[in-house]
Every structure is written in structure tokens, then in C-alpha cells.
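Trainee: Dropping a structure here in C-alpha cells format, bear with me for questions.
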Amino acid sequence: MSDEGLGSEIEKVVAASEIEDDEEEVCNEMMVIVTTKRTSNMSDAQEVPRETWAKKVEFLLAVIGFAVDLGNVWRFPYICYQNGGGAFLIPYSLMFLFGGLPLFYMELALGQFHRCGCLTLWKHICPALKGVGYAICLLDIYMGMYYNTVIGWAVYYLFASMRSELPWTSCYNSWNTPNCAPISNYTWDNMTSPAKEFFERSVLERHKSDGLDQLGPIKWSLALCVFTVFLLVYFSLWKGVRSAGKAVWITALAPYVVLVILLVRGISLPGSAEGIRYYLTPEWHKLKNSKVWIDAASQIFFSLGPGFGTLLALSSYNKFSNNCYRDAILTSSINCLTSFLAGFVIFSVLGYMAHIQNKSVAEVGLEGPGLVFIVYPEAIAMMTGSVFWAIIFFLMLITLGLDSTFGGLEAMVTALCDEYPRLLRAHREIFVAVLLIGVYICALPTTTYGGYYLVNLLNVFGPGLAILFIVFVEAAGVCWIYGVDKFSADIECMLGYKPGIFWKICWAYISPIFLLSIFAFSILGYKDMIAGEYTYPDWSINLGWVLTASSISCIPAYIIYLLCITPGPFLHRVRTIMKPSPEYSITATTNIITTTTTTKTMISSSKSSEGLRARAATINYGATCV
């Protein structure tokens, strides 16, 4: 049966349903049609069933866990107070509404409709852009190389906290220098705190490295901590969403329990009110500065995390009729509120630190790893019951990080398993093990004495810049090549109604401009990398740009490859690679039909029947990956 034939058969069934109004019979008849079509396109040996989430709440927790990561704790509070305090919430909210949320919704809808990862997806939309999927997989490898190392630092701290006295409370340890002094005894500017020396000289041992020119040997205790992280990731991903769904009950919920506990403890400390005031006091004049708006856009984008393939992968295991519109609003809003809550947790403690040291909050505060591995541990060390607070704080960091690394690596696993189902999906446990071993070996240089410098380099040049351009191409491919109208019709197939004009305008115009603007300002605003007193050598910066180009170049490279292997005149080849592949023309109507409840509802309403007919008429534009 041809694709056009399948479409006409479905139209006949829909028309019959309007006359006979026999919903169950229509469902059964349509199921037979599609089953016949599917078995004619692939053998039984090729058919590997696609699993789904055991419970809807597990999907929601997985998405929230991925979006809420370490950046919510160590970056948002700093960006907020640096860019006007409470006034920053205005550009932040606007960028969320017009830029971040539409992209978040778009990826959830794409994954749920096409039921496949970031590689196979493009065969259904625009085969020429399949390089976007390969670029995303490469970025996920880069992220796995350094992000798991940062989680490994937290694991190291967790083990170090399990003793009667925290090791960063005194200056009488083997790693301390003569310049070490307790915080309360600071008298000279060149003095360092026990917490800073513990992080730099005990955890990282940076003093034994000359930088990237001489990384030094692997620090095996740290490498073991990173291996522990990879082991936890493996046992969360090896069975697919069934195992990941169980893990997120702990990794997604535990951070909120700890955040609330730390908030209650933080606001009870002397000086906490001053810290919170510093966090929230609006400085309206800063809204005139374009940097504030760019920072808001960047923070929203990197916080929600579109473009890493994770949202596509996680939503591809949903039921076809799932309300992804509601899920997008719920999970993205929770992510933003979590960032805001984390600000209270961090600044209440920074206020306490400022009170103890008789300094301003600005002099105490740091962003990035220094905030959670130096400043906050310093504050914990001065609290009653410091061991308990240290343990739960670093457990929170570990669970925050694990959720995000689950998502990034699951995106790559899903993409490759969907692309090679017989080879990989049927042997998922072995494939995940081989993949994680490979990424771990690549990550070992980040556990050397100079690994900290490599982590920074990968963070900036790995996904940091490239992801912005890659998501721009993704949005352009979906909204400009595939078309907003077709995409809206796909959503109507799932939800029973089309997205409103607001979403269409955002997808077609605002979101692509949003992404291109962040990318342009990130390139133009680039500054030489400095880590403390260490300036990165020129060759390392050049290597960083090569890393950025390596992922972006996947896009034009795959276009050239397709043009070379596609027969016919040049213009014919261009048109061919821009259209969905005929071999993947099994329409998404299959999904509607196999979702019995949704099918009955859609056929019973004339409006939904028209939507189903429209999809049947354009049958060559949709596909499923089952």
C-alpha cells in the first residue's frame, strides 16, 4: 500500500465515522490499516518495541531534574545581584516568556510527536539538517567529559565530610601554607582561608601543575570519585526510562528537601537579612544596560537546556496524547522558581559570612565552583553541627548534577539507539556500558593536577558557545523549513487543538532572533580566559575554538555528504534533501491510532476529525520512530 493510499484509506474511515458515529469500530479499522502499512515497511526482526514512562510523574521529575542543575545554585544568584537584584527579574521573566519557554515547548512537542531522538528526528523534518543531531551528540560527549568531574569534586567533599571535624576548618593540615588563616583572623590581603586551600591544594592539587602545558599525573582518588559518578549514571540509564524513572524519585526530589532545610537554617543566621536584602534590592538604572538583558537571555537558555537533545529524548517516551503544553509550562516554571529559591539559600549564608568577616556581601560572594566549593563550605564550617550541614549540602550538589548528566547522556543513548535499533536498542545495557567507559576514559585528563584548567576550557568552548548556534539551526529547520503551520498541525494531532498565535510568532520570529542574539553577543563579548592568576596560553584558546568548530561543522559536513550521495541534477538534490525521507513516511497518524483513548476523542469531534483528515492528506510529512 502506498503512502497516498494509506492517507486515502484513513480519510474514508474518518468520513465513515462521521456518518456511523461508531468510534470503537473506527479505531479498530484504522489500526488494521496502519498495522498493514507498518509490516510492509519493516520486518518483524527490525521491530524493537519502544518503551514508555511507567508513570507520568517520572517524566516530569526527569525533565525538572535535568533543567534544575548546579547552575541554578551557583550562577543564577550571582547573575541576579550583579545585574540589578530584584530589577533583574523583569528581563529574566520576559526572556523566559518569549525565548526560553517557546523553545522548551517546541522540543517537548517534537520528541513526543516523532517519538525518536535527535538523529532520526531530522529524517522526518529535513534530512539535510541531520548534522544537527550529530553535533548535539558530540556536545553531550564534551559535557560528559567535564560535568561529571565537577560532580566528582562534590563526591570527594562528601567523603571528606564524614569525619568528626571538617578538614577545611583549620590551617594545621599537610596541604596548608603559611598564608592560611581562619576567616575570623584575616589581617592581610594575601591570606587565604582553610576552605580555599582545601579545594585548591587538597581536592585539586593545582599547585602541582604548571597549567595546561603540564597537567601532571592523574589524581587517582579524584578519578575514583568520578568513576563513582559514572557508575551511578550507568545503573540509572542501563534499563532505559524504566530505571531512570526510578532514580529521579531521589535525584530530582532530594535537592528540594535539602534546599528547604538549608533555607530555614540560613535565615536563622545573624546577618542573613542583609544578604537577602542585597540579593533582592532593585537597581532600576541597570535595566538600561544591554548586558543585563543578554545575561538574562543567556541564563534562561542555559538553565532550561534546550538543544542538548535531552528534552527530545525524554518526551519521546511519552504517550502520544500526553499534554506536553501543560508539561512545558509546569516544568520550566518550576525550574525558574528553583533558581529564585536558591538565591535565598545562597545569599542568606553570604550575609552571614559578611557579618562574621565584617565585610560587604559583594566582597564575600563568588560565582561558579568557588561559591559552592569554597564560600559555602566556609560558612558551613562555622555552623553548629557543621558535619551534618556539609553532608546534606554536598549530597544536594551530587543529586543536582546527576540529574543533568542523566539527561545529557540519555539524549545520546536514545539518539543512537533509535538510529540503529537492531544493533543498539536490543543490546542497550552493553551499549551504555561501552559508551560510558569511553566517556570516562576521555574525562580522565580532567582528574589530573591541572584538570581544573581543562574543565574550564571544556565548559567555555565545548557546549558553551556552539550550543547557541546549533539550537538556532534547529529552530530555523523546524519553523522555517518544516514550517510553523505543519508543526502546529502536529501538535493538534496530539492535543486536539492548535497552538495560539503567540506560540507561532515566538517560534517563527522571536525565538530564532533570541538565539542568534545571544550567540552574537557571546562571540563579540569574548574575553581572554583567566583562572585566578593563570592566563590560558594562546594554543589552548585555539584548541578551544577547534572544539567549538568541531560540533558546528557537523551541520555543513552532513549537508555536503547528502548532496554528494543524492542522485540527479544539483537543484533536484537540494530539493530532495530538504524534504522528509520517503522511507520514513509512515505518518504520525499511526501514533494517534495506537493511542486508543485519544483516537476516540478526536474522531468524536468534528473539529478533530478535520485535523485528522488534514494529517492524512499530508501523510508524507510525518513519521514515527517506534
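A Cβ is built for glycine as well, from the same backbone N, Cα and C atoms used for every other residue.
Feature annotation from TrEMBL assigns transmembrane segment to 59-77, 89-110, 131-159, 218-235, 247-267, 296-317, 329-354, 374-402, 430-454, 460-484, 505-524, 544-565. The Na(+) binding site annotation in TrEMBL covers Gly65, Ala67, Val68, Asn72, Ser303, Asn335, Leu400, Asp403, Ser404. Marked as disulfide bond by TrEMBL: Cys171-Cys180.
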Trainee: Using a Cβ cut-off of under 8 Å, list the residues of the same chain at least 6 residues beyond the transmembrane segment (460-484) that approach it.
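Mentor: Counting only partners 6 or more residues beyond its ends, the transmembrane segment (460-484) has Cβ contacts under 8 Å with 103, 106, 110, 122, 125-126, 129, 132, 135-136, 139, 142-143, 145-146, 301, 306-308, 504, 507-508, 511-512, 515-516, 518-519, 522-523, 529, 543-545, 547-548, 551-552, 555, 578, 621.
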Trainee: Within 10 angstroms of the C-beta of Cys171 (disulfide bond), what count of other C-beta atoms is obtained when all protein chains are considered?
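Mentor: Within a 10 Å radius of the Cβ of Cys171 (disulfide bond) lie 19 other Cβ atoms.
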Trainee: Does the transmembrane segment (131-159) come close to the transmembrane segment (544-565), meaning at least 3 CB pairs under 8 Å for residues 6 or more apart?
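Mentor: The transmembrane segment (131-159) and the transmembrane segment (544-565): touching, yes.
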Trainee: Using a Cβ distance cut-off of under 8 Å, indicate which of 89-110, 218-235, 374-402, 505-524 has the most pairs with the transmembrane segment (59-77).
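Mentor: Answer is 374-402, with the largest number of Cβ pairs below 8 Å.
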Trainee: Do any residues at least six apart in sequence from Leu400 (Na(+) binding site), in the same chain, have a Cβ closer than 8 Å to its Cβ, and if so which, in order?
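Mentor: When sequence neighbours closer than 6 are ignored, Leu400 (Na(+) binding site) has Val68, Asp69, Leu70, Asn72, Val73, Pro255 within Cβ distance under 8 Å.
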Trainee: On a count of neighbouring CB atoms within 10 A, which of the recorded positions Val68, Cys180 is highest?
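Mentor: Highest number of other Cβ atoms within 10 Å: Val68.
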Trainee: Between the transmembrane segment (329-354) and the transmembrane segment (430-454), do 3 or more CB pairs sit under 8 angstroms, pairs being 6 or more residues apart?
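Mentor: Stretch pair does not touch.
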Trainee: At a threshold of under 8 Å on Cβ distances, which of 89-110, 247-267, 296-317 pairs most often with the transmembrane segment (505-524)?
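Mentor: Ranking 89-110, 247-267, 296-317 by Cβ pairs under 8 Å to the transmembrane segment (505-524) puts 89-110 first.
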Trainee: Might you confirm whether the transmembrane segment (247-267) is in contact with the transmembrane segment (131-159), defined here as three or more C-beta pairs under 8 A between residues 6 or more apart in sequence?
Mentor: no
Trainee: Between Gly65 (Na(+) binding site) and Cys171 (disulfide bond), what is the CA-CA distance rounded to a whole number of Å?
Mentor: 37
Trainee: Can the transmembrane segment (89-110) be said to touch the transmembrane segment (247-267) if we require at least 3 CB pairs below 8 Å and skip pairs under 6 apart in sequence?
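Mentor: Result for the transmembrane segment (89-110) with the transmembrane segment (247-267) is no.
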